[in-house]
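Q: I'd like to ask you about the structure that follows.
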Amino acid sequence: MPINIPINLPAKQILESENIFVMDEKRAFHQDIRPLNIVILNLMPQKIKTETQLLRMLGNSPLQVYFTFLIPSTHTPKHTPRQHLEQFYTTFSSIRDRKFDGMIITGAPIEHLEYEEVSYWEELREILDWSKTHVTSTLHICWGAQAGLYHHYGIRKVKLPKKTFGVFEHRIMEKNERLVRGFEEFYYVPHSRHTDINMDDLKAVSHLKVLSISDEAGVCLIASKDEKQVFLTGHPEYDTDTLKEEYERDLARNMEIDPPVNYFKEGPDGAVPVNRWKAHATLLFMNWLNYYVYQETPYEWK
């Protein structure tokens with residue numbers, strides 16, 4: 001079954017051009033199937049780009065999936081057209097009484113701020129608490145993962161002396177975990193962050209399990225033992241060119257930035273990005289959707 005998205009969502013045309021099976025709401029209505037309901041709290045500035053990246057990761061699912069896009073009501077996005085937000089997004093007050101099979105909380109480029117300095121922090125705390133009783137499993141990405149670990153377990157982020165930036169090799173720590181089923185022992189994930197999570201702090205929380213780590217990029221994949229919370233410190237959803245765009249952006253701002261590690265390959269026309277992560281990224285999202293969401297969610301929420 002395909003992902004089920006609004007007929008006018010910009011991502012629809014992009015995904016269809018990539019041969020990813022999508023279905024609009026009108027067609028999905030005629031299928032006598034209970035779709036999975038996933039809410040995406042999109043905290044990234046370029047919301048349309050992030051929507052497309054996440055929907056691409058979930059687009060090969062055999063399950064029919066319906067998406068609700070969420071933004072904080074206490075923050076006004078500056079990089080997404082107002083019309084798009086009004087047409088496709090909602091706020092927490094309109095969904096707080098609903099139950100969802102899964103939730104994705106994206107990253108946000110606000111690592112330099114303390115959590116309490118973030119304009120929507122109190123609202124995010126409320127959403128995180130709500131997710132424990134209204135969502136089967138929540139996937140937190142990058143800053144969203146750090147914020148979730150801080151809120152739920154009191155684990156603080158640690159400022160790095162140098163930005164972790166590039167595509168890094170990771171190894172599986174728990175080979176029998178459902179979330180990494182089908183993975184090779186080593187796989188790649190893009191990272192782009194100035195802060196990290198300390199492994200000793202994670203080990204001190206008995207309710208958490210570390211599923212993969214990198215010698216260079218640190219801890220990557222963490223899950224709660226009840227599988228209701230997943231924390232991903234990298235960006236497996238990134239497009240091939242995303243790190244390149246971030247690198248060129250920072251150069252244009254005259255920032256000190258090294259080229260992303262293990263990312264560019266010299267070709268006849270100069271250095272070009274190489275995508276080493278897409279297959280495992282898709283598998284990770286599929287495993288989360290199948291094992292942590294579909295296999296665990298009730299057919300009828302009470």
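Each Cβ is built from the backbone N, Cα and C atoms, and glycine gets one as well.
Take a look at what Swiss-Prot says about it:
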SITE      Glu111  site 'Important for acyl-CoA specificity'
ACT_SITE  Cys142  active site, acyl-thioester intermediate
BINDING   Lys163, Ser192, Arg249  substrate binding site
SITE      Ser192  site 'Important for substrate specificity'
ACT_SITE  His235  active site, proton acceptor
ACT_SITE  Glu237  active site
Q: Using C-alpha atoms only, work out the spacing between Lys163 (substrate binding site) and Glu111 (site 'Important for acyl-CoA specificity') and round it to an integer in Å.
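A: Rounded to a whole number, the Cα-Cα distance is 11 Å.
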Q: So, in DSSP terms, is Lys163 (substrate binding site) helix, strand, or coil?
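A: Looking at the DSSP assignment, Lys163 (substrate binding site) belongs to a strand.
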Q: Around the C-beta of Ser192 (substrate binding site), how many further C-beta atoms are within 10 angstroms, looking at every protein chain?
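A: Result for Ser192 (substrate binding site): 19 other Cβ atoms within 10 Å.
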Q: List the residues of the same chain that sit at least 6 positions away from the residue listed as 'active site' in sequence and have their Cβ under 8 Å from its Cβ, in sequence order, or write 'none'.
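A: Listed in sequence order: Thr50, Gln53, Leu54, Arg56, Met57, Ile141, Ala281, Phe285.
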Q: With an 8 Å cut-off on Cβ-Cβ distance and a minimum sequence separation of at least 6, pull the same-chain contacts of Arg249 (substrate binding site), or say none.
A: none
Q: Looking at substrate and its recorded binding residues Lys163, Ser192, Arg249, figure out the farthest C-alpha pair and report it in angstrom, whole number.
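A: Of all Cα pairs among the recorded substrate binders, the widest measures 15 Å.
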Q: Setting Lys163, Ser192, Arg249 aside, what same-chain residues sit with their Cβ within 8 Å of the center of the Cβ atoms that define the substrate site, listed in sequence order?
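A: Apart from Lys163, Ser192, Arg249, the close residues are Phe165, Leu243, Glu246, Tyr247, Asp250, Ile257, Pro260.
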